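These notes are about the structure you will find just below.
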Amino acid sequence: MLLIINNIINNDVPTPWGVYFQDSATPNHEGIIELHDNIMFYLVLILCLVSWLLFSIVKDGSKNPLPHKYLVHGQTIEIIWTILPALVLLVIAFPSFILLYLCDEVISPAMTIKAIGLQWYWKYEYSDFINDSGETIEFESYVIPEDLLEDGQLPLLDTDTSIVCPVNTHIRFIVSAADVIHDFAVPSLGIKIDACPGRLNQVSALIQREGVYYGQCSELCGVAHSAMPIKVEAVSLKEFLTWLNEQ
């Protein structure tokens, strides 16, 4: 029964004392988790090796304080401990650069959503769509005060309006700010990008499963920095078109 529940319930929100990633909903986030796990495996091996070497040196040194008193240099060992770490860094850097390039690449998006950070709320614009009055669809998103939260809503995470996106659709987020530097971050989507005044940054996402994903402004932006949550609702294409018609 527990295995069935674990396969259905996804970890898409921050949890108290959480130390690992939220469940991935995009290929970018899957790549980040895979890269982290692979690198962490080798880092643990290196940590164990270095710890064993230090322990051996301290242990042998306590028995004989001057085991090699006539040894003044060791070119071989110096070459080894210079080249080996450099190779390790190259092995780590190469897949990191590939993933970084793929996360930044935006190719033929099906739709674009603009996110503008302000003190202390977000403004969203669907520039590819217009309403009945001929204007682009845009709205502001504010955090719900704790005294107005309903059952099941999360403090400092739920908002009065949310970004609605269709699943299995290439989406481009264009991020900027109107006052100070903010940061648009949604962990489950593998998105974290600065919102800078006078500058347009972009990032893409391909959401692969329906759900509600939460994020926050991740750049200290003032006294109400913690009151800038981000809520993304991923729905089917049919539900997304229905939502568009209601705007």
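Every residue, even glycine, has its Cβ placed from backbone N, Cα and C.
Between the candidates MET111, MET228, Swiss-Prot assigns the Cu cation A1 site shared with HIS182, CYS217, CYS221 to MET228.
All protein chains considered, the CB of CYS217 (Cu cation A1 binding site) has 26 other CB atoms within 10 Å. Counting same-chain residues at least six beyond the ends of the transmembrane segment (79-101), those with a Cβ under 8 angstroms from any Cβ of the stretch are 31-32, 35, 38-39, 42, 46. Between CYS217 (Cu cation A1 binding site) and HIS225 (Cu cation A2 binding site), the C-alpha separation comes to 7 Å. In the three-state DSSP reading, GLU219 (Cu cation A2 binding site) counts as coil.
Within 8 A of the CB centroid of the Cu cation A2 site residues CYS217, GLU219, CYS221, HIS225, the other residues of that chain are GLY117, TRP120, VAL180, ILE181, HIS182, ASP183, SER218, LEU220, GLY222, MET228.
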